[in-house]
Structures are given as C-alpha cells and as structure tokens.
Amino acid sequence: MGNIQKQSITASVITYVGFAVGALNTWIFTSGFFTAEQYGLTRIMYDIGYTLFALANLGSVSVMYRFYPYYRDRLPLQKRDLFGKMFLVSMFGFLLVSAMLLLFKDLFIQKFSGNSPLLVQYYYVLFPFTFFFLIYSLLEVQAWNHYASVVTAFYKEFVLRVLTTLLILLFLLNILDFDHFIVLFSLLFGCISLGLFLYLRRKHAIVFTLKTSQITTRMKDKMVPYGLFISLVSFCGILAKTFDTILISSVLDLSYVGIFTFITYLTSIMEAPQRGLIAASLPVIAQSWKNKDRGRIFRIYQKTSINMLLFSGFIFALVWMNLHNAFAIFHLDTIYLRGETALLILGVTKILELGTGVNSQIILTSRYWRVDFVTTVILLVTLIPLNYLLVRKYGITGTAWATFIAYLLFNSIRFGFIWVKFKMQPFTFQTLIAIVILIINYFIVTAIIQVASPLLEAILQTALYTILSAFLIIRLKVSEDANNVFNAGVRRIKEFVARSR
C-alpha cells in the first residue's frame with residue numbers, strides 16, 4: 001500500500017503512545033481520585049458534544065473529503081474555496097444547534113436531573129466543547145486531504161491526552177477545583193485546533209477564501225444534496241455510537257456511565273489501527289473512485305481487513321487475559337469489574353466490525369453513497385429499541401448485547417452490498433488462519449502460565465502470547481504488510497550492526 005502503509009503505521013504508533021497516556025488518565029480517573037459520576041461526566045460530555053457536532057457540521061466534513069480531489073487536481077491552493085465555504089456552513093450549523101440546545105433546555109433538565117444531576121449542573125460546557133470539536137474536525141479533514149494524517153493523529157491521539165493529564169494533575173494538586181477542571185476540559189479541542197491550524201499554515205496546506213471557484217460553481221448542485229444527505233447519515237451514525245451512554249445516564253446514573261466508559265476505553269485500544277488506516281486510505285479511495293481504479297480499492301479493502309483483524313484480535317486477547325491482573329496491580333476500584341461481561345461482548349463486536357475493513361469508506365466515497373444512509377438508519381432503528389429494552393432489564397450488559405446484535409446486522413448488510421455491487425469482499429484463507437492463531441494461542445498461554453504474582457503472570461503471559469502470535473503470523477505470511485514491516489525491521493537491524501563494526 002506504500003504511502004497508506006507508512007502513514008497508517010506511523011499514525012498507529014502515535015495512537016498507541018497516546019493510549020499509554022490515556023491509560024494513565026484512566027487509571028487516575030478509576031483509582032478513587034475522581035468519583036465514578038465525575039468520570040462518567042467527562043464521557044457523557046464527549047458523547048453529547050460529538051452528537052451535536054454531527055448536526056452542526058451539516059455534512060461539510062464529508063463534502064470536503066468527497067470533493068477535495070477535484071480542487072487539488074485542478075486549482076492552485078489560493079483558489080481552493082472549499083474550506084472557506086464549508087467553514088461558514090459549519091458556523092451556521094453551530095448557531096442552529098446552539099439555538100436548539102437553549103430551546104430544549106427544560107426538556108434536557110427533565111430527562112437527566114433525576115439520575116444524572118451532575119450533567120445538568122454542567123450543561124453549559126456543551127457549547128464550547130461542541131464548537132471546538134467542530135473546528136478541529138474541519139482542520140483535521142483538511143490535513144487528511146493533504147496526506148497529513150500522521151499530524152492529526154499526533155494532536156488528537158497524543159497532545160489531547162497529555163493536556164488532559166495536565167488538567168488532572170492540576171486537579172489532584174488542588175490548584176483546580178472540579179468546576180474549573182470541567183470548564184478547561186471543554187476547551188481542550190480549542191488548544192489542539194490552534195496547533196493544527198498553525199501547522200497547516202506553515203505547510204501552506206490551508207487558505208481561507210470565499211471567492212467562488214469554477215469547480216464550486218460547476219459542482220454545487222452535487223455538493224448541496226450530498227452534504228445535507230450525509231449530514232443526516234453522519235448524525236444517525238454518531239447517535240448509534242453515543243446513544244448507549246446517553247441512555248445509561250438517563251435510565252441508570254452517571255456511575256454506570258463511568259463503568260461503561262472504562263470498558264469502552266479498553267475496547268477503543270483496538271481501534272488504533274483503524275484510525276490510522278482510515279485517515280490514510282480515505283483520500284486514496286476517493287481519488288481511486290475518481291480515476292475508476294477499482295483494483296486499487298479492492299487491494300486496500302483486503303489489506304485493511306486482515307490488518308485490522310490481526311491488530312484488534314491481538315490487542316483484545318491481551319486485554320482480556322490481563323484484566324484481573326491489571327485490577328490487582330494498579331489497585332483499580334472493583335466497581336468497574338461490573339462491566340466485565342459487557343467488555344467481552346463489546347470486544348467481540350469490535351473485532352467483527354474492524355475485520356470488515358474500510359467498507360464504510362468504500363461506500364461513502366462511491367456513487368452509491370446513499371446506501372450508507374440506508375444501512376445507518378437500519379443500525380439506528382435496530383439499536384435504539386434494543387437498547388431501551390435490554391438496558392432496563394440487564395443494565396450495561398444489555399447495552400453491550402444490543403450493540404452486538406445491531407452492528408452484526410449493520411456490517412453484514414454493508415459487506416453483502418459491496419460483494420454484490422462491486423464484486424469485492426475482503427476475506428481470504430488468511431483470514432481464517434489469523435482467527436485460529438489468535439484463539440489457539442490465547443488458550444495455550446493462559447493454560448501454561450498460571451502464577452501467584454499478578455505482575456509476573458501478566459508479564460509472562462503477554463510476552464509468550466506476543467512471541468507466539470508474531471512468529472506464526474510472519475511464518476505463515478498471514479499479512480503482507482506485517483511481513484513487509486518485519487523484513488524492513490530486520491534489514492535496518494542488519495544495517496545498524498554492519499555500521500557498528
């Protein structure tokens with residue numbers, strides 16, 4: 001995959017370094033320094049802000065990565081008006097969303113005051129959080145369109161978490177009370193937005209112009225319906241991702257949101273390769289559709305599928321085998337173990353989702369982009385009633401089951417559509433080999449290594465599982481990219497040794 005491979009690997013490394021910082025933050029949040037309700041508030045604020053962003057951007061983010069290749073190929077930077085136009089559209093959308101928030105404030109209070117009074121108390125921070133999340137998202141897609149996904153990963157996955165760590169330390173040192181902590185927390189996306197903007201300006205990768213170009217004049221009749229349609233699609237898709245915590249905070253309370261946040265953080269570790277791969281492959285897929293290069297899209301589809309399956313399966317195996325040891329080693333509050341069953345269900349769900357590769361990006365950038373809306377509506381129509389039924393009866397485990405059922409149906413439909421319409425499907429015999437390797441190695445390692453010390457057991461199990469899995473994946477050539485990375489590493493080591501003599 002060349003450039004995609006390099007960018008996705010670098011972005012994934014940055015993301016995992018960021019996850020290490022995030023793990024520190026999560027440890028502090030779950031070790032008694034914050035209440036489960038306070039930790040849950042940081043998550044629900046993100047989820048509500050993310051949902052409001054989906055409405056506020058009015059499809060501008062999707063329009064930028066869908067149509068920017070035409071501007072990049074035919075206009076100099078100074079005449080590319082797409083960013084300026086989409087910025088204004090997004091600001092208009094934010095004003096509409098803000099008005100809606102104020103209009104329905106009483107309803108919001110009514111729904112959440114009983115079980116989540118802390119959310120009602122900090123209602124006002126949703127405005128700056130949503131605004132700066134919107135600004136960053138516009139800058140992020142602009143960077144993607146200039147093949148700078150590594151930089152966006154650095155700011156979003158690493159810098160954002162480091163800034164969160166600094167806020168946590170200020171809170172622990174009693175320099176900030178919780179009121180000021182939450183206010184500053186809502187401004188963090190503003191900080192990384194400034195950093196990314198300055199980078200884009202320095203690299204001459206962004207310009208703000210409102211003078212309408214010929215391309216905009218010619219393509220506006222396609223952009224407007226696409227943007228509005230994708231805005232609805234995006235809202236449905238994001239609501240499907242955030243509805244669970246919003247419902248939990250309303251039906252249960254913020255402490256359960258905190259527990260659910262903890263287990264979703266553990267499963268989110270599996271997504272690091274996906275974030276890098278999507279950021280790197282999205283503009284390439286869009287360009288390939290423009291060039292009618294289906295062969296390239298098919299290769300990306302298969303490679304992203306096997307790579308994300310391997311990464312997600314490997315990481316989840318490590319998380320699951322080390323779960324109880326981690327609680328003992330880091331003295332985590334055992335209240336969070338209430339989500340253990342939900343963690344298993346969500347982990348399997350995430351593996352199934354990631355294993356289907358970039359199916360969403362293939363559909364969304366094709367001329368059948370409306371199918372993305374149909375499948376997303378099916379997801380939402382399945383997820384919402386299942387959540388209502390199951391969360392009331394089974395708590396957060398019910399939410400996990402609802403997510404599993406809905407996403408299994410959702411990804412099956414998308415997989416089937418791409419297979420039938422484009423004659424593409426991402427699975428090969430190597431997919432089966434990958435699954436067998438990951439599962440068999442898990443049972444071998446956990447059966448062989450059982451010691452009294454949680455720390456020693458965690459180290460030995462992790463080391464043996466990593467060595468066994470890596471050896472078999474490379475030996476059996478399960479992933480071409482994995483072998484390329486391994487061979488490149490061996491070559492560099494040999495070169496280093498040769499220079500040292």
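Quick reminder: no glycine exception, Cβ is built from N, Cα and C everywhere.
Taken from TrEMBL, the feature transmembrane segment covers 48-68 (among others). Nonlocal intrachain contacts for the transmembrane segment (48-68), taken as residues 6+ away from its ends with a CB within less than 8 angstroms of a stretch CB, comprise 82-83, 86-87, 89-90, 92-94, 96-97, 100-101, 126, 129-130, 133-134, 137-138, 141-142, 144-145, 219, 222-223, 226-235, 237-239, 241-242, 246, 282-283, 286, 364-365, 369.
The transmembrane segment annotation in TrEMBL covers 88-109 (among others). If you look at the transmembrane segment (88-109), the same-chain residues 6 or more away from its ends with a CB under 8 A from one of its CBs are 52, 55-58, 60, 120, 123, 126-127, 130-131, 134, 138, 210, 227.
For 121-138 (among others), the entry in TrEMBL reads transmembrane segment.
Tertiary proximity for the transmembrane segment (158-176) is limited to same-chain residues at least six positions away from its ends with a CB under 8 Å from its CB atoms, namely 14-15, 17-18, 21-22, 24-25, 28-29, 33, 184-185, 188-189, 191-192, 195. Annotation comment: TrEMBL describes 158-176 (among others) as transmembrane segment.
For the transmembrane segment (182-202), same-chain residues at least 6 beyond its ends with a Cβ under 8 Å from one of its own Cβ atoms are 41-42, 45, 122, 125-126, 128-129, 131-133, 135-136, 139-140, 142-143, 146, 148, 151-152, 155-156, 159-160, 163-164, 167, 176. According to TrEMBL, the transmembrane segment annotation covers 182-202 (among others).
If you look up TrEMBL, you'll see 223-240 (among others) marked as transmembrane segment.
The transmembrane segment feature in TrEMBL is assigned to 304-323 (among others).
For 335-356 (among others), the entry in TrEMBL reads transmembrane segment. Long-range contacts of the transmembrane segment (335-356) within the same chain: residues 30, 36, 255, 258-260, 262-264, 266-267, 270-271, 273-274, 305, 308-309, 311-313, 316, 319-320, 323, 327, 396-397, 399-401, 403-404, 407-408, 411, 414-415, 426, 431, each at least 6 residues beyond the stretch ends and with a Cβ under 8 Å from a Cβ of the stretch.
Here the transmembrane segment (368-388) has long-range neighbours at 66, 226, 229-230, 232-233, 236-237, 239-240, 243-244, 247, 360, 398-399, 401-403, 405-407, 409-410, 413-414, 417, 421, meaning same-chain residues at least 6 beyond its ends whose C-beta is under 8 angstroms from one of its own. Annotated transmembrane segment per TrEMBL: 368-388 (among others), in sequence order.
Look at TrEMBL and you will find 400-420 (among others) tagged as transmembrane segment.
Among the features that TrEMBL reports, transmembrane segment is placed at 432-452 (among others).
Per TrEMBL, transmembrane segment is recorded for 458-476 (among others). Below 8 angstroms of C-beta separation, residues 310, 314, 317-318, 321-322, 325-326, 329, 430, 433-434, 437-438, 441-442, 444-446, 448-449, 451, 482-483, 486 of the same chain, each at least six residues beyond the ends of the transmembrane segment (458-476), sit close to that stretch.
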Other parts of the chain folded back onto the transmembrane segment (432-452), taken as Cβ under 8 Å at six or more residues beyond its ends:
306, 309-310, 313-314, 317, 320-321, 460-461, 464-465, 468-469, 472-473, 476, 478-479
